[in-house]
Amino acid sequence: MELKIVSSEIIKPSSPTPQHLRTHKLSVLDQVAGDSLFPVILFYPQACSNDTTKTSDHLKKSLSETLSKYHPFAGRFKDAFSIDCDDSGAVFVEACVAGEMSEILKQPKNDLLEELMPYKLNEKPSVPVNLAAKVTYFGCGGMALCVCFSHVIADITTAANFIKSWVAISRGFSTSNDIPDTFFDCSTVFPPQDFSSFSRNAFADNHSQSAEIITKRFTFDGVKLADLKEKIRKESSSGYQPTRVEAVSAVILGGIMSAEKEGEKFNHTNLVPSVSVNLRNRTNPPLPELSIGNIIQAAITKLPIEKRINYSKLTEQLHGSIRSIDDEYLKKFHAVGEFMNNMQNALIALFDPNNRGFTISSWCRRPLYEADFGWGKPIWVSTAMKHKDVAVLLDSNDGKGIEALVALPKKEMDKFEQDPGILAYASVDTSII
């Protein structure tokens with residue numbers, strides 16, 4: 001795919017940040033997030049006429065208005081504890097491709113998706129922005145919009161809320177004045193810590209990028225997923241009905257266990273999944289849904305790597321670890337003087353040589369497929385990644401199935417694809433159209 005950069009510029013907020021909102025305090029959850037940008041990529045089959053300039057101008061104007069409500073995304077890091085919301089702005093890149101968008105949608109490979117990003121996955125931006133967008137126009141009239149968010153101040157809920165607000169302003173349904181204030185000082189609930197002895201990325205080293213990492217997309221269609229959930233329910237001693245995410249996670253973890261057992265060196269005795277949990281509705285009182293930040297915490301459990309994979313057992317263990325993260329748990333975990341000890345214990349479990357860590361992040365049930373800027377809803381929403389031992393789960397475009405992006409070492413990916421559960425319930429890198 002031959003892509004040409006047409007322009008790159010800084011988009012500043014349409015109105016200055018009020019003085020009392022100039023400093024955005026980071027919570028400890030923001031501090032321990034990986035210092036990287038994560039992409040949300042939306043594909044529109046008929047997004048523009050021949051006048052791409054008009055489309056870009058419309059996107060830039062509405063982005064400017066949206067930034068006036070999401071002040072940290074136009075700011076810059078001041079120190080390890082705060083962002084200066086100084087209206088420096090966000091990056092907006094415009095690109096074009098002579099070819100058809102269908103070339104990507106028929107075989108959506110990770111390296112092709114990476115080309116649609118304003119920066120490569122392992123690239124450090126020359127300008128230290130917290131948000132960067134790139135619009136790519138195809139010769140067929142289609143368009144891909146990639147929005148990259150700093151993981152320090154955004155989880156997928158924050159990202160989805162930002163895109164939703166951008167859409168509303170773009171369509172004229174709202175102005176920046178209509179959007180509720182998005183600020184909520186999460187540093188009072190999850191107090192920041194002094195991590196001066198090591199970098200923010202110390203917590204992300206287990207998922208370092210590597211050329212040997214392969215990312216593939218596994219699609220669990222709605223019919224097979226419903227059958228899987230029912231099978232798990234029948235096999236469960238308690239009759240527990242798993243969620244779609246729990247069922248897919250169990251199959252993925254089962255595949256990891258199978259790949260471990262088939263490996264040349266079977267060094268791990270336990271699989272330690274780390275499942276990202278949205279904390280907004282788990283505190284008492286709940287945090288506002290529009291809270292800005294990386295307001296997630298990992299539910300960690302230790303699973304013995306066994307010869308016989310039992311999906312009902314896996315889902316119940318996952319469900320138990322997720323359910324345990326409630327207000328009482330969070331208050332104890334983040335109590336004064338306790339956080340560092342609790343975090344250290346979690347890291348010891350993840351980096352124990354007998355344990356194999358694996359991260360699961362669910363983007364399901366976010367309104368990403370509702371992002372209609374005026375030219376229809378996206379035909380596909382995805383992301384790109386190269387982090388080792390990570391799975392990102394997204395809704396399929398029909399809303400019934402789940403697409404799982406799984407990143408593994410190449411040799412292990414070959415074994416993972418041949419796992420009986422993966423073969424039975426998932427299709428690999430299938431066409432979107």
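Heads up, residue numbers simply count up from 1 along the chain you see.
Note that Cβ sites are derived from N, Cα and C of the backbone, with glycine treated the same way.
So that you can see what the record holds, here are the features copied from Swiss-Prot:
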- His151: active site, proton acceptor (ACT_SITE)
- Asp372: active site, proton acceptor (ACT_SITE)
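Put simply, His151 (active site, proton acceptor) is 24 Å from Asp372 (active site, proton acceptor) when counted between their Cα atoms. In the three-state DSSP classification, His151 (active site, proton acceptor) falls within coil. Following the DSSP three-state reduction, the secondary structure of Asp372 (active site, proton acceptor) is coil.
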